[in-house]
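> Checked TrEMBL, it gives:
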- 6-26: transmembrane segment (TRANSMEM)
- 38-63: transmembrane segment (TRANSMEM)
- 69-92: transmembrane segment (TRANSMEM)
- 104-125: transmembrane segment (TRANSMEM)
- 155-173: transmembrane segment (TRANSMEM)
- 180-200: transmembrane segment (TRANSMEM)
Amino acid sequence: MNGKGYLLPLFIVLVFIATIALQIYTPATKGYFNLGETAIYTIAALSTPLASGIAAGVGSALADLVTGYWYFAPGTLVIKFVEGYVASYAMRKLRKSPIWFNKALSISTGTIVGALFGGIAWLTLSGTSEVSSFPLSILGIQITLMYSEIWIHPMIWIILAAISIAIVTYLTIRGRRGHAYLATSMVLGGLCMVLGYFLYEYFFSNPVILNLPPEGAFAEIPVNLGQMIAGVVFGVPTANFVLEALGVEDKG
């Protein structure tokens, strides 16, 4: 799977659908989660850096446009491109490292990310949350396929965190050379996303478009970190499953 041109539209659609198909928002803490990062990181494991970047940027920007966050779309196009590109590029580079190094790095990264996921989700996604599917906003018309308010027990996130750490550790120990570096590469791409949105909100969207204090961008850092961490937690097993199903050992 080397980013053949005919697959690019499919990748774009996958990122777009994953971003809007399921969204969880907790008003009390402004915690937010969708499956967009999971799709981006999985595509990064399958495709070239350029194709991964284009799919991530275009698919995510389109999602912003149709869900009413048009003012984020220009930044998203660039930020998500960088995220997808860096994640895929890091995968190609790290896979050349000694397998013991990749496995040690993957287990340590997976453990840290899993623990952070449990803690951040406990603080930001527990309690009464809004769950929506395809929340579209086109020409001022609101269309949502599904909307529900649910109460999420904090222990759910701790259990999911423990499961994610166990899965990453298991997949890394039994996995082949080409799969041990996934978590670290995804984190590197995700950190680019967190930094990119901070800069975009601080210097542009908050003061120029939304007429909000630039300092408000600091409040979004934990939210974007949580989104990145959730993407890694779900992205590693998803990418492993797809790679093994396709019989892919290493990315060419």
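Just so you know, glycine gets a Cβ as well, placed from its N, Cα and C.
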> What same-chain residues lie close to the transmembrane segment (180-200): Cβ under 8 Å, and 6 or more beyond its ends?
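Beyond its ends, the transmembrane segment (180-200) has Cβ neighbours at 37, 40-41, 44-45, 72, 75, 78-80, 82-88, 90-91, 94-95, 97, 99, 102-103, 105-106, 109-110, 113, 168, 172, 217-218, 220-221, 224-225, 227-229, 231-232, 235-236, 239-240.
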> Counting only residues 6 or more past its boundaries, what in the same chain has a CB within less than 8 Å of a CB in the transmembrane segment (69-92)?
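Distant Cβ neighbours of the transmembrane segment (69-92) are 15, 40-41, 43-45, 47-62, 181-182, 184-186, 188-190, 192-193, 196-197, 200, 204-205, 209-210, 251.
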> Can you tell me which parts of the same chain pack against the transmembrane segment (104-125), counting only residues 6+ beyond its ends and a CB-CB cutoff under 8 A?
24, 26, 29-31, 33, 94, 97, 152, 154, 157-158, 160-162, 164-165, 168-169, 172-173, 180-184, 187, 222-223, 225-226, 229-230, 232-233, 236
